[in-house]
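J.: Okay, here's the structure, questions in a sec.
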């Protein structure tokens, strides 16, 4: 996971940086990361043997760090992870205090790529725009495509490109949020990078993580990526308008999610048909008033 692999060291870009004369992105915000030639040297890796099932399957998450990186001991990975997450969590608490002072509801939308969360978000914003002030932070590795889609609804949005990074972190939110015009008592939606692994570990200062799972992904996704669904308060089972065309067991999916997180709330939803949208909007209003 990225708390130990260092993927957060990629080229970060937040919309507006290109106008800063001191920004490396002033002339080319989407320049690919440099690929310098690297000298490969031999590394004597600490001994680590993955667990093995009777069928021969290998499991690299059984060590004390819960993961594996070549050339790094389990104890060192734990030290790196604790250091990274401690810094992030302190920043997240500052973000949370700022949002709470303005009574803003902040939600961290997480999912696999292609789950439909941007389409669901645009439909949500269209339904809220005359009643609730909203703003959006869009996270992707590259492009401002999704932020442009959000702005087309009339909602303020800012794109955060993580470069090689596979998730948003609390510092990115601290940098991006002040650039958005969001009134007190409004809702800030943070659409995280499409990834069901690393975003689970990084607190952004949100009130809730909302996991979006598409019915095209398979019923057992919560069991395959348990950390994300354990961290989420709500699961939106998306694209249910496609159920007549799929061999997807809704009850099995719900059971898998609740096996990982017995307290998780679940809404069946479709931005295309409108099913579940009222329930989703009611949930948002309940959280705003909580």
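Note that Cβ sites are derived from N, Cα and C of the backbone, with glycine treated the same way.
For reference, Swiss-Prot lists these features for the protein:
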{"type": "BINDING", "residues": "2, 5, 7", "note": "Ni(2+) 1 binding site"}
{"type": "REGION", "residues": "106-267", "note": "region 'G-domain'"}
{"type": "BINDING", "residues": "166, 167, 198", "note": "Ni(2+) 2 binding site"}
{"type": "BINDING", "residues": "166, 167, 198", "note": "Zn(2+) binding site"}
J.: Let me know how many other Cβ atoms fall within 10 Å of the Cβ of residue 166 (Ni(2+) 2 binding site).
T.: 21
J.: Based on DSSP, name the secondary structure state of residue 166 (Ni(2+) 2 binding site): helix, strand or coil.
T.: coil
J.: Around the Cβ of residue 167 (Ni(2+) 2 binding site), how many other Cβ atoms lie within 10 Å? Please give the count over every shown protein chain.
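T.: If we count other Cβ atoms within 10 Å of residue 167 (Ni(2+) 2 binding site), we arrive at 24.
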J.: Around residue 198 (Ni(2+) 2 binding site), how many other CB atoms lie within 10 A of its CB?
T.: 23
J.: If you average the pLDDT over the region 'G-domain' (106-267), what number do you get?
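T.: When the pLDDT values over the region 'G-domain' (106-267) are averaged, the result is 96.
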